[in-house]
Amino acid sequence: MDSLDAFATGKLDALEAGSLRRKLVPTERGSGAAAARRGRALVSFSCNDYLGLSHHPRVIAAAQAAAASHGAGAGGSRLVTGDHPYLGALEDGLARHKGAEAALVFGSGYLANLGITPALAGRGDLVLLDELSHACMWAGARLSGAQVMTFRHNDPGDLAARLAEHRPHHGRALVLTERVFSMDGDRAPLGDILGIAESYDAWTLVDDAHGIGVVEDGPRAPLEMGTLSKALGSYGGYLCASRPVVDLMTSRARSFVYTTGLPPASAAAALEALAILEAEPERRARPLALARRFTARLGLPEAESAVVPVLVGEAQAALDISAALEAAGFLVVAIRPPTVPAGTARLRVAFSAAHDEAQVDALAEAVAALTGRA
């Protein structure tokens, strides 16, 4: 057997050969859309801070006050001593915002999805998820022990066909999808999906990580999870559902039970960001408007969310364009397999209320020149 280092080196060499090796790049984020890498000042179009709230003075002040009064960390699982008052207040706010009976805060969006599905499904059950669902939805589905199947991306007809064929042979059934897909920026036909799931006696879990605060119109699912780290500018995850479901998660979602509670500063920051989000509808409308300005200038399909993919194809080509954009003063990270399917490496452009029109137009001009769309 190879030594541990030899094994790791071999794997790294293979990744390097395919332009798929990941490396950390220290990045300093400033207010607005400002960023810095390798000593170069940049305008960032790769951050998920869709409403620019992570640097909002009120959000920062709320975090500072919470840390000063309740400490830097929760100190334990929420079921032991880590259930500080900010968590309950945040859960009340999230439930109200989503029109749900209750909410539960997790340590991250990944941890939420890792815990929700296994608490609801197991052996003998069926989990159907959109083929482009986020990795954490896949992880939770596989961890559940249920039979896991996919349906074609945003295809209600294929979902119905799979449920018709497989639902009779299973106990419980869950359908998993996203309101806004993180790498393509398109939106699920939730009305159709929810109707089909209900007709086959299946529960629907929607990941709203990239929708909350930006595009939230449309029907609500019985299970809606999301993150506090994007439009809300903080860190953490949550589930909004009925009170019995939330109470079940409190006892059975292992990624909740066996994890230290979210730090007071993170919870307080998210709570303050939620208040700003609800009070400033013009802030919420801006990311989508800027995304559509960008797609119009490049002749791309009209943006459906704050996320716009510019497909390139091969991983190295995407890396090269990203590097050229950085040299021109823009931070637009290349997204490569396995995050996206092979042959679909892309620039993932994320728009924020902190951007201005001149920055968007300048990026569109640079991307057009580098991708042959000029």
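Placement of Cβ uses the backbone N, Cα and C atoms for every residue, glycine included.
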*asked:* Looking at the pyridoxal 5'-phosphate binding annotation from Swiss-Prot, with G109, Y110, D207, D208, A209, H210, T227, L228, S229, K230 already listed, which candidate in S182, S242, S251 is the matching residue?
replied: S182
*asked:* Between R22, R29, H134, which of the binding-site residues has its C-beta surrounded by the fewest other C-beta atoms within 10 Å?
replied: R22
*Determine, to the nearest whole angstrom, how far the Cα atom of S182 (pyridoxal 5'-phosphate binding site) is from the Cα atom of R22 (substrate binding site).*
19
*Quick one: Cα separation, D208 (pyridoxal 5'-phosphate binding site) versus H134 (substrate binding site), in Å?*
11
*asked:* Applying a 10 Å Cβ distance cut-off over all chains shown, what neighbour count does T339 (substrate binding site) have?
replied: 16
_Diameter of the substrate binding set by C-alpha atoms, the set being R22, R29, H134, T339, in angstrom_ = 25
